[in-house]
Amino acid sequence: MKLCVALDLSTKEECLQLAKELKNLDIWLKVGLRAYLRDGFKFIEELKKVDDFKIFLDLKIHDIPNTMADACEEISKLGVDMINIHASAGKIAMQEVMTRLSKFSKRPLVLAVSALTSFDEENFFSIYRQKIEEAVINFSKISYENGLDGMVCSVFESKIIKEHTQRNFLTLTPGIRPFGEKNDDQKRVANLTMARENLSDFIVVGRPIYKDNNPRKICEKILQEI
């Protein structure tokens, strides 16, 4: 299980300072939509200069198939290590993205977003007319069959996804509160033990790390636990 630290701070300077504090740790860094729109592709280069971090660019691409493929191709030129697209874009979009990225000698991992961890059952059903688990199983089967590398999901769906695909089909699980911190805007949250028991391959932790007075110590504690 790998730790992915979310760089969801207010300024680029704060993000870079956090990255410097976490040098030489076996972690990934997650760059989200806010940071990417604010700081651009050069921010990725600056992070790589701090240390040879693995970068997950979390933009949740969702559009018509050709536009998604164009976007993923441009993102892949940045040298990031993992990207994500929305599973609800459908299998044609998945096929076009994976075909386009196949020309790269080293392409990023491509994960499909299933059900955002900000959803609870009631809100999810009001949109999709399905239970979360039913939709996630369907999304994961389609994603696996069309060559994606894994899914973004809550801890509660991670093991189920692997049961319906393969053990090596990756799961990245946001909403991790490692030591029982408050949920904030997440609905389906979990701790480290739950992530381990449900076979998560990547856990995403943000606020519990960067809001602590000693982020490196918290990261080291999490790494010891996993």
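Cβ coordinates come from backbone N, Cα and C, glycine included.
The following features are taken from Swiss-Prot:
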ACT_SITE  Lys60  active site, proton donor
BINDING   Asp8, Lys30, 58-67, Thr117, Arg177, Gln186, 206-207  substrate binding site
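The Cβ neighbour count for Asp8 (substrate binding site), using a 10 Å radius and every protein chain shown, is 18.
For the binding-site residues given as Pro65, Gly206, the lowest number of other CB atoms within 10 Å of the residue's CB is seen at Pro65. Cβ environment of Lys60 (active site, proton donor): Leu33, Asn84, Ile85, His86, Val113 lie under 8 Å away, each six or more residues apart in the same chain. For His62 (substrate binding site), the number of other Cβ atoms no farther than 10 Å from its own Cβ, over all displayed protein chains, is 16. In the three-state DSSP assignment, the secondary structure recorded for Gly206 (substrate binding site) is coil.
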